[in-house]
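Here is what TrEMBL records for this protein:
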- 11-315: domain 'Tryptophan synthase beta chain-like PALP' (DOMAIN)
- LYS49: N6-(pyridoxal phosphate)lysine (MOD_RES)
- SER76: active site, nucleophile (ACT_SITE)
Amino acid sequence: MLQYPRKNDLAQIPTPLLPLDRASERWGCGHRLWVKRDDLTGSALSGNKVRKLEYITAHAQDHGFDTLITCGGIQSNHCRATAFAGAQLGLSVHLILRGLEEGPRDGNLLLDHLAGATVNCYSTREYVEGLDGLFEQWQAHYAALGRKALAIPTGGSDGIGLWGYIAACEELKADFGHANIERAHIVTATGSGGTQAGLTLGAALHQLPADVWGVNVCDDEQYFIDKVAADIAHWHSLYPEAPAVDYATRVLDGYVGPGYGKAGAEVFDLIAQLAALEGIVLDPVYTGKAFRGMLDEIAAGRFTGCQDIVFMHTGGIFGVFPQAEGFRW
Ligand SMILES: *Cc1c(COP(=O)(O)O)cnc(C)c1O
């Protein structure tokens, strides 16, 4: 029996697993396409980070922390979700963001401020060279005030956050039963690696009949093989009584495009096509690239021999608005 730590109920779960009939017909090459709607885990709390934050926030409360410090890009979904989780639980949130503010506040950055988070924006250089120091500096700042601040790593991807997607695999197992799915490929965007690591580990722990694939939106295949291993090793170090399992890390590399947070025209076109075809909104940073990658790999025959393919919709809708100029009408 797997012993889960305490969590806060923040996410609207279970999320629906829905068939994409028209998308299957258009792009499936004989496969049945499904979407796991983790974009519906909440309204402001939307997306995959909420599942991780259920465990991370409980850990914070149980260890006497009153403040959450975390980091990410200026339009980080994780930072926005942390800001709202903090607001819901009465914890203060301090965000260290990569990128300087330009133009009007939009998307996730606007929401960070609405949720009352303290926000500091740094140039990419200051952020990349000094991130550890910034965490230490702000933790010391709160300590001097008699407060206690938890440093949450990028994307909430660590041994604690992993529980969110370990638990999601139990949910998927029940979904597979209801949908008569015997075996599937699961495709998710991967950015800080925690969702992929949680799904990979959870599938092994719960004997979910599925291969988990991460479409990387930054870095490369080797980076994610190492990151998944590091997250799982961290999980084992925190929960030494948990069972050891064999797992395989599967990465679909080649869909980063111009860079993290930057998408090519083919991604914007696909976002518009899927929204009109199925009423589902992807984003240009994560899910648009992952869906594009999934379709290209289907066409290339990567998944032959297995009928069902589940796309993990990890959220990201607020990232659409700051990039509205990318769409061609
Ligand atoms: C953070 C994020 C991801 C990637 O998840 P990781 O656990 O960081 O790899 C995918 N999609 C969206 C919308 C995200 O915000």
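Residue numbers in this text run from 1 along the chain shown.
Glycine too: its Cβ is placed from the backbone N, Cα and C atoms.
The residue listed as 'N6-(pyridoxal phosphate)lysine' sits 10 Å from SER76 (active site, nucleophile), counting Cα to Cα. Packing around LYS49 (N6-(pyridoxal phosphate)lysine) is summarised by its Cβ count: 36 other Cβ atoms lie within 10 angstroms of its Cβ, all protein chains included. The Cβ neighbour count for the residue listed as 'active site, nucleophile', using a 10 Å radius over every protein chain in view, is 30.
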